[in-house]
Amino acid sequence: MAEHLLQASRQRQVKAMTAAAGSAGQAAVPLLLCALLAPGSAYVLDDSDGLGREFDGIGAVSGGGATSRLLVNYPEPYRSQILDYLFKPNFGASLHILKVEIGGDGQTTDGTEPSHMHYALDENYFRGYEWWLMKEAKKRNPNITLMGLPWSFPGWLGKGFNWPYVNLQLTAYYVVSWIVGAKHYHDLDIDYIGIWNERAFDINYIKVLRRMLNYQGLQQVKIIASDNLWEPISASMLLDSELLRVIDVIGAHYPGTRTVKDARLTEKKLWSSEDFSTLNSDVGAGCWGRILNQNYINGYMTATIAWNLVASYYEQLPYGRCGLMTAQEPWSGHYVVEAPIWISAHTTQFTQPGWYYLKTVGHLEKGGSYVALTDGLGNLTIIVETMSHKHSMCIRPLLPYFNVSRQFATFILKGSFSEIPELQVWYTKLGKPSERFLFKQLDSLWLLDSGGSFTLELQEDELFTLTTLTAGSKGSYLLPPKSQPFPCVYKDDFNVDYPFFSEAPNFADQTGVFEYFMNIEDPGEHRFTLRQVLNQRPITWAADAFSTISIIGDYKWSNLTIKCDVYLETPEKGGVFIAGRVNKGGILIRSARGVFFWIFANGTYRVTGDLAGWIIYTSGHADVTAKKWYTLTLTINGGFSSGTLNGKPLWKNVSVNFPKNGWAAIGTHSFEFAQFDNFRVEAIH
């Protein structure tokens, strides 16, 4: 009781700043006391002894691979709304950095992204969707930092080897032409270029790349290496003065907020150049909130980049919904602005690259952490997080146990910040719906009477931003349409005269690249088709299949009929398929099961239970040759399937017991040219 009275008298003595928490009542919003009231720890924020490291920004990755695949098909206005939540300043995630995959034709996690050079003498800077995405990001934030990084490379660079460093000049030329093409065709200035995602680096290649960039007048493009672990790149730099000179930033992946001594000794900028990769639930949001602070506090990292930007790929592919937000239903227009968007906003809306961290950052006594940044012009932003162990586990690495409990934290502003009169307050509480707030603006704090100090009552799983900046806002649009399954009847005749994107909507290439194609010789119904365009295996990043495949539809589909016109371009050896119930994709594509109906240019057909063709259900002769159009139909119903060629039954009532459901698909037997037209699927729910 005495404690309650004491609390009440303190509240009378000092005007406590609280915000009405709507129907949840005021109790749910912590008390902000502008004085040294409660016993707790004190933390000084001071710039008298100089500043810490320069802040480089918060960002996200599109690609690695095909993570934004479904975004491009969204109807307006929903597509623009999603882009606003990601990139528009003072609206949503307000990202400072966009990192994209330099498509290399290979499977790079959730699909393949097309290269700007499929073949040695081929250059096309309008394939895929990363160019479009970078332009949309720049439209919203002209100051956004752009980065490019290869995962896979087109096969011709390897000269028969699955290795990009066979000819260093050639690979450097390939990467530099992507940068030059970005500028020439899209007026995009690439700021940072990487080496080879999570794979080996070659010291001489990095030096050749720098020389070639300089030769092309691209001195301003900086090199980040090696997008893997801190070592061996850091030690290599310390042993090689030229290498040390040409690398501008050391980028590590999933560093668990820690760095290593060698990396610090290089005196280079240190970035977590890929992090997060966690389901975008409140636990994922907690992970993101914790590492955004602690990557700097524990590891001196001045930029953190999330994989991935937006979960715009079929959810049953690997790492489903591991984006800052979810937009995986272009057919309905439905999307979800997930909690990690608002966690990002706590930092991104109140800082900018070029600001500096204070030296006075650190851990809170009873768990959690605080950072403070300044623009050097009198502005100050403080970010405090108390994410609990249970609610902030990232997908990797393992998180050692720590405890967070209720505490009072007093912050004392000194140096040039001692005269700050007022701080804006933004608040997030993750967890139970009844107590949950995302990026809520509270009443501002007046510091004039308190000698530049204030006290926060902190519970676990909270995030506070206290800032002199007043421009922050929680952007919103009317709710998007309700979630809907993929349409049961879907067809595409690929009749697009001048396609804006190179790929047909909703098809998600998992090995190979399928592009809109115009048959100049064919004035008839097959003038516009979808064509598999790779004629050799790429330099792979993951385990691409030996057959090309593009998936589409609803993973829950079980009973369905797929119909498609197909055209083999390779005499004798060519083969194509249509398939249903395909149960795996992404990096697991090699082991995909399903019902696959193949025809071959040598006059045979085959029905298999897997993409690799090990499980043969039936096979036989078919009146098939290359350079002719055929119509294939595959019907799967319960435990049986049947197929027709040009409307005539070729095989029927073949028993298929596994899998019970999966996507529809088209593809080719090997890396070969083939065309598809008049695709139609009808699923029975």
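Placement of Cβ uses the backbone N, Cα and C atoms for every residue, glycine included.
Note that the coordinates shown come from a computational prediction; the quantities given were computed from them, not determined experimentally.
Taken verbatim from TrEMBL:
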DOMAIN    55-349  domain 'Glycosyl hydrolase family 59 catalytic'
ACT_SITE  Glu198  active site, proton donor/acceptor
ACT_SITE  Glu274  active site, nucleophile
DOMAIN    357-472  domain 'Glycosyl hydrolase family 59 central'
DOMAIN    509-683  domain 'Glycosyl hydrolase family 59 C-terminal lectin'
Given the active-site residues Glu198, Glu274, which one's Cβ is surrounded by the fewest other Cβ atoms within 10 Å?
Glu198
Spacing of the two Cα atoms, the residue listed as 'active site, nucleophile' and the residue listed as 'active site, proton donor/acceptor', in whole angstrom, works out to 10
Quick one: DSSP breakdown of the domain 'Glycosyl hydrolase family 59 central' (357-472) into helix, strand and coil?
6 helix, 53 strand, 57 coil
